[in-house]
């Protein structure tokens, strides 16, 4: 179904002669001539048809608040200092001769959010380390072996799990004496989350160290205690890069051997990127206000700020600001349409809307009720406008493929609406075949590939097949945590049974057992993506974006429905996350330390 349309879309990434706009029948005028602003008219939906309500909370992030964001940390003001500090760190990387010291420095750079500044240097060091036959002493250091294993796998190197054999006894079990090496066990725990499917040794390692770390975490020094608690709450491999950087800077400044230049660079870089995020979010907020769709369709969720949080998590690199804005727009439009299918529209109306999206012409729009016309036209203009920009700049007409992702999404929404209307409970397999699409990742990932496609040209003949699987896995990375966090609330609102309920119905098990099963599927999805990162010829960026969807989804839904409700709850972890990333700059003052806002257990 959805994957059948991916191959021709991906072929547009291949180098081709630059086409004229006229050759595609597209000019800017034709592409956006129906552009609308909805803010000056009254609501356009019928009040005569009985409608359900999602009882969604309003957004707390009003326009004036977003427009007031600003920290003053710009490259122009701090660029000279950043450049000097970068040279200091480059020298540090070059002069560090111990393999363990190099590994630990690279790990610090990643955790401090600096890997993008030293991409080439890190690549060179890891290449050397990957071919280094480490000393006997280092091979017997659990921390060194585990950290090396994790970093190399994170960067796409093949590393065998045989490196952990030295830490097993004659029965093939991890030696009980390892429980005395807390630092080593913590590193092994983090490494175990880079497992592939079938690597039981890493599953055994995770179970072994988890038990011991839980038992001893109260009887260790405060900094190590924070690290253990942080890891057990969520492994490093599953964490969002910027949130981890915010948390780790507070830890690093208290560590023995802290390098002040490294810490200062991390803080300055964080603040400069935060300023870039603020600029992009302000632009996005102006677009949303001008569009006026939230006021017109007041039964839907206004989650623009949350959408930008997701977009920035999916493509955290600061140079991808345009991509972040576009993905945030797409995500907010997905929410609007999702609320129409889930809560507001009748089945007959939804069939008309799905048909209009499939036909993709303004004549089809005329059959829709007024509230759907508003939504259709906003979507129509947005897709054409983005497609026009890509065609103008790169000579690739991606509009047919962008359209197709929305068609597949709406068809999946319609299937679920009919399930709900008829009271049907699908099998888990049947549910997942539809719900990985209905979660909305397909348009988001496709837009990312379209915007970054010129930098991600395929190199293998089986590219289309592999990327199709990445798209599906990306959808699963959102769907499974979403169901774990939101299914109770969504069933109360009136929604199709989620994966938990489908498995309970199919297998005749309790909710706790079903939740464990769905969490197991999430872990297996991670393992598949881990293997793609190492074994696949695909550009790592494709796989990273799918992994980032899992990271932001798990972060958002770990403690409930953090997307629909949590960002608006005073004191919620989700609100704290937003404020720490987008609103509150770090105080770059060694004498005072860092102003710390994110709780160590949730970042």
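Each Cβ is built from the backbone N, Cα and C atoms, and glycine gets one as well.
With a 10 A radius on its CB, residue 301 ((2E)-geranyl diphosphate binding site) counts 23 other CB atoms from all the protein chains. The feature (2E)-geranyl diphosphate binding site is assigned by Swiss-Prot to 301, 338, 342, 479, 482, with similarity to another entry given as support.
Among the features that Swiss-Prot reports, Mg(2+) 2 binding site is placed at 338, 342, with the record citing similarity to another entry.
Swiss-Prot lists 338, 342 with the feature Mg(2+) 1 binding site, giving similarity to another entry as the kind of evidence. Around the Cβ of residue 342 ((2E)-geranyl diphosphate binding site), 21 further Cβ atoms fall within 10 Å across all displayed protein chains.
In the three-state DSSP classification, residue 482 ((2E)-geranyl diphosphate binding site) falls within a helix. Among the features that Swiss-Prot reports, Mg(2+) 3 binding site is placed at 482, 486, 490.
Taken together, the residues of the motif 'DDXXD motif' (338-342) have an average pLDDT of 95. For 338-342, the entry in Swiss-Prot reads motif 'DDXXD motif'.
If you look up Swiss-Prot, you'll see 1-50 marked as transit peptide.
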Query raised in the report: How far apart, in angstrom, are the most distant Cα atoms among the (2E)-geranyl diphosphate-binding residues 301, 338, 342, 479, 482?
Result: 19
Query raised in the report: Near residue 338 ((2E)-geranyl diphosphate binding site), which residues of its own chain have a C-beta under 8 A away, given they sit six or more steps off in sequence?
Result: 413, 438, 440
Query raised in the report: When the Cα of residue 486 (Mg(2+) 3 binding site) is compared with the Cα of each of the binding-site residues 301, 342, 479, which one is closest?
Result: 479
Query raised in the report: Mind checking how the motif 'DDXXD motif' (338-342) divides into helix, strand and coil residues in DSSP?
Result: 5 helix, 0 strand, 0 coil
Query raised in the report: Where does residue 301 ((2E)-geranyl diphosphate binding site) sit in DSSP terms: helix, strand, or coil?
Result: coil
Query - Residue, out of the binding-site residues 479, 482, whose Cβ gathers the largest set of other Cβ atoms within 10 Å - result: 479
